[in-house]
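What TrEMBL records for His81 is active site, tele-phosphohistidine intermediate. Summarising the annotation, TrEMBL assigns active site, proton donor/acceptor to Glu184. Residues annotated as substrate binding site in TrEMBL: 80-87, 93-94, Arg130, 184-187, Lys195, 211-212, 255-256. The site 'Transition state stabilizer' annotation in TrEMBL covers His254.
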Amino acid sequence: MAATFIYQPASATDLPPSSSRIFHNLSLRFLSPRFSTNASLHKPFPLRGSISHSSVLLHSPSLSLSHNSSSSESSLILIRHGESLWNEKNLFTGCCDVPLTKRGVEEAIEAGNRISYIPVDVIFTSALIRAQMTAMLAMTQHRQKKVPIIIHDESEQATTWTRVFSEKTTEQSIPVITAWQLNERMYGELQGLNKQETAERYGKEKVYEWRRSYDIPPPKGESLEMCSQRAVAYFKDFIEPQLKSGKHVMVAAHGNSLRSIIMYLDRLTSQEVTDLELSTGIPLLYIYKEGKFTSRGSPVGPTEAGVYAYTQSLAVYRQQFDELSH
């Protein structure tokens, strides 16, 4: 019998029509047998409202934080992908799909160590391999020991062929949602060019303007403002509802898509966001509570007690892990 996580719609008005169309066929491929044995219920579940998980278990039975409470708090982890092969070569990467270097793999694993005691219920990544690799490698270090599974909903066949038929496996898994809206800024005609050579060709001031201004795009590319419009809209429509429902979320994405989201979370100005630098493979932690986001910086590692003193829930969550390990 198939076991499936399903995104249950809360109401028909929670999401704008455009967002509903984007995710119309989204369903996590683990259909819970407790819903029904009727085969018609094993079809992809269309999104008509806000994204919120059903009551299918997303935490370890013995390790969980309270969910679906107006007073509950949620963790949001943001991670810029580890170093890519084109980062190493000093090339404009943009939306080109380039994997991590050995150093990038190590950065992703270290990021996982830093967040190993912070709960994760669902993961969002871009459609690009370097972000997906970072998320997957980070989760290999997590104390939950759950397996991240990328959700394939690009066709009915993909939905059917990637279905999981074990409730036990379902309970030991974390869904990974990929979205092009979280992709890196598209650099247009700069993609694949060496940054130093490009500066020599067009002039350092012009290239700096393309890279660091808020609203000036490179030739046939996106400005940070354009990138922000898609990334923040996606965050509001699909990620924020998860946090509001009490779920703990990790987002593995890119320098510019994450800067855009941080601009929204921290209410930065267009000038402040252009000055914001994000290092590869360094996680940032936010706490969502009562409709507000609070930045908690970057966890140094599982031995840093201060990270888990930020909130009582995180402290209890870590204590539960520690008790199980003794």
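Backbone N, Cα and C define each Cβ position, glycine as well.
Remember, TrEMBL labels are computer predictions, not curated facts.
This view paints the features noted in TrEMBL onto the structure.
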| residue | record | Cβ within 10 Å |
| --- | --- | --- |
| Arg80 | substrate binding site | 27 |
| His81 | active site, tele-phosphohistidine intermediate | 32 |
| Glu83 | substrate binding site | 22 |
| Trp86 | substrate binding site | 20 |
| Gly94 | substrate binding site | 23 |
| Glu184 | active site, proton donor/acceptor | 27 |
| Arg185 | substrate binding site | 28 |
| Lys195 | substrate binding site | 15 |
| His254 | site 'Transition state stabilizer' | 28 |
| Gly255 | substrate binding site | 20 |
Euclidean distance between Cα atoms of His254 (site 'Transition state stabilizer') and Glu83 (substrate binding site), Å: 11
His81, Glu184, His254 filtered to the recorded positions whose C-alpha is within 10 Å of Gly94 (substrate binding site): Glu184, His254
Distance check against His254 (site 'Transition state stabilizer') for the recorded positions His81, Trp86, Lys195, keeping those with Cα within 10 Å: His81
When distances run from the Cα of Glu184 (active site, proton donor/acceptor) to each of the recorded positions Arg80, His81, Trp86, Lys195, Gly255, the nearest one: Gly255
